[in-house]
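Features reported for this protein in Swiss-Prot:
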{"type": "TRANSMEM", "residues": "13-32", "note": "transmembrane segment"}
{"type": "TOPO_DOM", "residues": "33-408", "note": "topological domain 'Lumenal'"}
{"type": "DISULFID", "residues": "CYS96-CYS120", "note": "disulfide bond"}
{"type": "BINDING", "residues": "MET99, GLU143, GLY144, ARG145, LYS151, ASP174, HIS313, TYR314", "note": "UDP binding site"}
{"type": "BINDING", "residues": "ASP174, ASP176, HIS313", "note": "Mn(2+) binding site"}
{"type": "DISULFID", "residues": "CYS237-CYS251", "note": "disulfide bond"}
{"type": "BINDING", "residues": "TRP289", "note": "glycoprotein binding site"}
{"type": "DISULFID", "residues": "CYS304-CYS305", "note": "disulfide bond"}
{"type": "COMPBIAS", "residues": "361-371", "note": "compositional bias 'Basic and acidic residues'"}
{"type": "COMPBIAS", "residues": "373-400", "note": "compositional bias 'Polar residues'"}
Amino acid sequence: MVIMKAGSSRCAFSLGFLVGSCSLYVFLRQVWFEESFSWQSNGRSSPSPPISHEQNSSNLTWRVEGSALINLKHPNQPGEDGHIADELFKKVRILCWVMTGPSNLQSKAQHVKNTWSRHCNVVLFMSSEEDRSFPTVGLGTGEGRDQLYWKTIRAFHYALKNHGHEADWFLKADDDTFVVVDNLRWILSNYTPEQPIYFGKRFKPYTKQGYMSGGAGYVLSKEALRRFVEGFSTKVCTHTTPVEDLAMGQCLEKMGVLAGDSRDSLHRETFHPFIPEHHLTGKFSKTFWYWNYCYYPIVEGPQCCSDLAVSFHYVDPVLMYTLEYYTYHLRPFGYQHRYQPPVPAVLSLLSQTVKTTTETQRSEEGAKEKPALTNSVNPRAEEVQTTETSYKITNAAQERNTTHRSAG
């Protein structure tokens, strides 16, 4: 009997010691964060001198400023008509920061640098260590999954403090995420950066309004980012879990930031947490956790993904270049898109100018009796511009915009 009591006491002591140790660890990590984070806020440790050099000086498209890549103009292929995308590039400014690490710079981050990041206005590669040759921002954290939220907190603070004036929206993506930035711009053009809102692949557990998957990437308005940073200065938000995307969602919910609906008018998702083939071919087992996490009903097969898809996750370097080719180069001859979304309201004047110019060109071509097969888009396609689908998209975007304005 005495032996049993002694054993029970030892178990109770061990359990108490374990709980106390875990609590102390969390407390000390929080204290460490608050003290060590002062490198951002009070300038105790000044950043490295800025590096500035230009690429393609004969036809300048981007330059390096400090640890940032600045894309000076929207990239287009020779002979390509990208005037609408070019205008949105100027009016919907997106800062893209990419979560990476020293061991991933050449194996992963370099391929992001070569592909989709060229469509962002500002690009930052966030790492635990500074690398001025790549370049990366050194966040002064460790590496590993338990460091993801630390890196995210510091990265967003850094982005707002150092580049807040250069962007309206702030996208977080991993170094194995592929993003179609131009499609993201179209979604964001229906909102304003003054609205406290963010978008991504919406999950539902553990928060009232849901939260956005970290792997698929998520984008914050400038006001949402301001509130996120404020949440830490007021201690409304703290680092209590290493689960980055969930902790992010919980903080933003506390700060009154709305979790936006980024689906298209046909309720197809735009942000995707897996590679395209997993969504398109229905490879998800019914016991897979994904079924219990998705905020909206899962659709498998060809209708899984919007024609204006924004992102895919777990993309290896080969697939990164493949998706870049499929997105910006591959075209089937003789076909129009299933629907052509309406030009955003912010570009309505440009749209009218383009329409007038197109009609003038069409008249001139008719007068010259050019052959039917030309290198331009089929003129008749523009005469059938407003389809039932595009009408629904316009209404859906306007309704969401009105709703979010009221909520903001």
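Yeah, the Cβs are placed from backbone N, Cα and C, and that goes for glycine too.
The structure, with features from Swiss-Prot marked on it.
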residue	record	Cβ contacts under 8 Å, 6 or more apart
CYS96	disulfide bond	SER117, CYS120, VAL122, VAL123, LEU124, LEU171, ALA173, VAL179, VAL181
MET99	UDP binding site	MET126, LEU148, LYS151, THR152, ALA155, LYS172, ALA173, ASP174, ASP175
ARG145	UDP binding site	PRO242
TRP289	glycoprotein binding site	none
CYS304	disulfide bond	ARG268, GLU269, HIS272, HIS279, LEU280, ILE298
CYS305	disulfide bond	ARG268, GLU269, THR270, HIS272, PRO276, HIS279, LEU280
TYR314	UDP binding site	ASP176, GLY215, PHE274, ILE275
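With the fewest other C-beta atoms within 10 Å around its C-beta, GLU143 stands out among the binding-site residues GLU143, ASP174, ASP176.
Spread of the UDP binding residues is 20 Å (greatest Cα-Cα distance among MET99, GLU143, GLY144, ARG145, LYS151, ASP174, HIS313, TYR314). DSSP assigns CYS251 (disulfide bond) to a helix. Within the model, the topological domain 'Lumenal' (33-408) shows a mean pLDDT value of 81, rounded to a whole number.
Ranking the disulfide-bonded residues CYS120, CYS237, CYS251 by how many Cβ atoms sit within 10 Å of each one's Cβ puts CYS120 at the top. In sequence order, ASP174, ASP176, THR177, SER213, GLY215, ALA216, GLY217, HIS272, PRO273, PHE274, ILE275 make up the list of same-chain residues 6 or more apart from HIS313 (UDP binding site) whose Cβ falls under 8 Å from its Cβ.
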